[in-house]
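TrEMBL has this to say about the protein:
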- B:40-47, B:157-160, B:Val186, B:194-197: ATP binding site (BINDING)
- B:His47: active site, proton donor (ACT_SITE)
- B:Gln71: beta-alanine binding site (BINDING)
- B:Gln71, B:Gln163: (R)-pantoate binding site (BINDING)
There are 2 protein chains.
Amino acid sequence: MTPASQPARPLPVLRSVEDIRAQVAAWRGGGLTVALVPTMGALHDGHLALVRRARMLADRVIASVFVNPAQFAPHEDFDRYPRDEAGDAAKLASAGCDALYAPTVRGMYPPGFATAISVGGPAEGLCGSFRPQMFGGVALVVTKLFLQALPDVAVFGEKDYQQLMVIRRFTRDLDIPVRVEGLPTVREEDGLAMSSRNAYLAAGERTRVPELYRSLIAAADALARGAEVDGVLTAVRGRIAEAGFGTIDYVELRDAETLEPVAAVERPARLLAAAWMGKARLIDNVPVVPAG
Amino acid sequence: MTPASQPARPLPVLRSVEDIRAQVAAWRGGGLTVALVPTMGALHDGHLALVRRARMLADRVIASVFVNPAQFAPHEDFDRYPRDEAGDAAKLASAGCDALYAPTVRGMYPPGFATAISVGGPAEGLCGSFRPQMFGGVALVVTKLFLQALPDVAVFGEKDYQQLMVIRRFTRDLDIPVRVEGLPTVREEDGLAMSSRNAYLAAGERTRVPELYRSLIAAADALARGAEVDGVLTAVRGRIAEAGFGTIDYVELRDAETLEPVAAVERPARLLAAAWMGKARLIDNVPVVPAG
């Protein structure tokens, strides 16, 4: 049989803290390193790229699938967030993942749960202003996943760039002994950043949304060549409004590491945007590297 | 030379996260288990009892000494809190401690630090009402110490009973892989709970403060025999006011585990009090076990 025709072996599914700790301990006992890829499921090629990257960074890879209620506000899409564990497991197996960790909400947040984490700094502004509940919820669940599995390394996508910087921040601040790696955004052929929430787009909307990425790329190029920041950001807003985006939550230039607002590109920066197309809130971001 | 006349060997002092991780890794590499005893220094026999208990629970014991600015409000006694590292190190060595971890404030909270932890449940009410900054600061520094050292077990005194319950809560909630052990309060001969803050007492005050413990013991006995709760708590307030305590922050009966208020002793409870004598805020607590 050729490798291509081999059926993927069934992926072990871990449900509890005890399960994941036993699995990691068994691997470590054999001298193996472990990577964790935390996800909310509804996996696409972007997630699978994280798994493949994780395979290069460690001997064994666990992907977690957990739609984390703590990071959704009551009016947000927790209930309708897409869920497909069987499909996710098949995709993970095909990408070379070694185990799926899918804990229950009750297992993660049992009765009496009373602890919260808040992050300032990189969590301030941008999505932090529009989804004030999100980064505290992300910090809580990622801290728990890190401390449950204690992997050597964890891999996150740069599509959620602010989230990545927030995770780096609290991981360092709390001295969590896990290395955090970011991976550049995986895109559709027309440039749209892959996202589970793209499923919310109607067909007529899908053809218009790549303009978000195109306008960010053009703006980053102009900024790198020294264009005046406010004018460039205004132009991005104009282009994406014209493409049919409704509410534009933000288009902002920030320091690439601290995410502090910057008025000029003197060191690596990041251009970030969030805007609504119909029922889908899309986010994207691109690097801005000073010329020369 | 007899053991009693042997000079204690100098205690290794660890200053950085790298130091403590290297020390713990070296011990673990040799198959040894590790206990941590977090303190704010100004050590007394109560702390040394924690170290001796830790020695029984693990092969090696690290005591940390760090006066944690995050758990003091601006008006509190952070600046005048007693500090004596050399004296602390000598006491720890004599109690069989294997290393002192004394990080710097800058090492624990470097520029850009942006993460906070808050705890509800057992942190609500009691000292949480009078020192609203404290338990968040305790949660932050203990989480950091736990994740820096990753000991098998950590030992805390029941003198700070609410703190012990808060530490158990967030350690469980965040899945921190450290076992938390409590040790009964160590007392002076006249019953006063040992505390670094007893140093704030004037000589004339020192003779009066044991009445706090005596009144709690008498009340716990009455409660265990079925006395009406409000009447007993009022009697405690009367006795300690008469002994010369000024402001009484609280005298309360709580569930021994959740610290929820209880109106009757139907399962193990805890009677807790905080009151001021001159410049010293003293706290104490005793178990209340239902009779029969």
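Placement of Cβ uses the backbone N, Cα and C atoms for every residue, glycine included.
For B:Val186 (ATP binding site), the nearest of the recorded positions by C-alpha distance turns out to be B:His47; the candidates were B:His47, B:Gln71, B:Gln163.
A distance of 11 Å separates the Cα atom of B:Glu158 (ATP binding site) from that of B:His47 (active site, proton donor). Annotated pair B:Leu43 (ATP binding site) and the residue listed as 'beta-alanine binding site', C-alpha to C-alpha distance, rounded: 18 Å. In the three-state DSSP scheme, B:Leu43 (ATP binding site) is classed as coil. For the pair formed by B:Met40 (ATP binding site) and B:Gln163 ((R)-pantoate binding site), distance between Cα atoms is given as 14 Å, rounded to the nearest Å. When the C-alpha distances from B:Gln163 ((R)-pantoate binding site) to the recorded positions B:Gly46, B:His47, B:Gln71, B:Ser196 are tabulated, the minimum falls on B:Gln71. Straight-line distance linking the Cα atoms of B:Gly46 (ATP binding site) and the residue listed as 'beta-alanine binding site', rounded to a whole number, equals 21 Å.
Geometry remark: the residue listed as 'beta-alanine binding site' versus the residue listed as 'active site, proton donor', CA distance 19 Å. The CA atom of the residue listed as 'active site, proton donor' is located 10 Å away from the CA atom of B:Ser196 (ATP binding site).
Cβ contacts within 10 Å of B:Gln163 ((R)-pantoate binding site), excluding its own Cβ and spanning all protein chains shown: 24. Each of the binding-site residues B:Met40, B:Leu43, B:Val186 was assessed for Cβ neighbours inside 10 Å, and the highest tally belongs to B:Leu43. Here the binding-site residues are B:Gln71, B:Ser196; the one with the fewest Cβ atoms within 10 Å of its Cβ is B:Ser196. Residue with the densest Cβ environment among the recorded positions B:Gly46, B:His47: B:His47, by other Cβ atoms within 10 Å. Look at B:Val186 (ATP binding site): DSSP puts it in coil.
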